[in-house]
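**Student:** Before I ask anything, let me first share the structure, which is written out below as structure tokens.
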Amino acid sequence: MDRSHDIEKANVAALYEASHAGCESTLNSLMQRDALILNKISLTSFTDTPLHIAVLHGHLEFTTALLRRKPNLTGRKDLQGRTTLHLASAEGHAEIVRELLQANTDVCLARDAVGRIPLHLAMMRGHIEVIEKLLNSKPNSFLEDFDGASVSHLCVKYNCLDALKLLVESADDDRYSLNSKDNDGNSILHLAVMLRQTENCTGKAIFSDISPNEYELFLSFNTTSLVEALSVVLLVTMQLIAVTFLLSTFFLAVDLVTSDTVKEKPMITWILFTLSGIWLVLLVIAVVVLIYRQLVWMEGFSLGFILSLPFAVFVLLVCNGILQ
């Protein structure tokens, strides 16, 4: 009994070694010795199946041989909840993805421990050929969100714009217009501007790190989205103007303090200091919220700055008139 158990353990260990090496001849030899060896994997302490290991190493022939003998291995998950299709999609093994999909298309919608399907991983890595195979096999898989973000949001977030272009061209769904929102209220264009991945309609780069591929992609989008992108840029510009007024007010107050005017008109000095202090607090809050809540909140604070501009101009003009 013990000897039989030891032989069985040795065969399973040899199977895992063959998976690492991609040695199909060893697999055939082991199957001849024990036709049920693949069924006994679940009795071991291993969370990764030989198929997981072979897929991760990109052993196409070994993977195909395993799938012929036990296709339901495609549904098994590792300790992180990943199927073999998750691994193949993340690594960009397009031919292995094809073999796995032929064995089982349902794993396209399987989620790992953090909620990602294989398409999400392929999108994050920008594996275009894998994305095409996944979408062809399960067209509705692009409807699956991850952590409140659509597949198209993930493309922009991970700078996979070729994948986004493929998705936009192939998907007939309103959720994948550039105005669709994620859980934080960011549209795809919001996210693109925040990550500095858009241009204006003349082709002149708004941000310094623009690329030609990004220009071609965003030119293909609708006019409403283009206007939305430009409006965000306008808000950022107006925010910079507001900061300029903040600095002007502050330095004017400092100038008053260092002159005799502060003794004659202390109220004006305190008004200027108070106004500049309020703007400074708003600026700090805007930066902090921008970091944690992303672009949609920055718009709100930009509007706050803009609405305060007329008041700032009025105060500066009044102060200037009094000082004259």
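All residue numbers here begin at 1 and follow the chain in the order shown.
Each Cβ is built from the backbone N, Cα and C atoms, and glycine gets one as well.
OK, TrEMBL features for this one:
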type	residues	note
REPEAT	46-78	repeat 'ANK'
REPEAT	80-112	repeat 'ANK'
REPEAT	114-146	repeat 'ANK'
TRANSMEM	229-258	transmembrane segment
TRANSMEM	270-295	transmembrane segment
TRANSMEM	301-323	transmembrane segment
**Student:** The repeat 'ANK' (80-112): which same-chain residues, six or more beyond its ends, come within Cβ distance under 8 Å?
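**Tutor:** Here the qualifying positions are 49, 51-52, 55-56, 58, 60, 63-64, 67, 71-74, 118-119, 121-122, 124-125, 127, 129-130, 133-134, 137-138, 141, 144.
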**Student:** Mind checking how the repeat 'ANK' (46-78) divides into helix, strand and coil residues in DSSP?
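**Tutor:** Going by DSSP assignments, the repeat 'ANK' (46-78) contains 23 helix, 0 strand, 10 coil.
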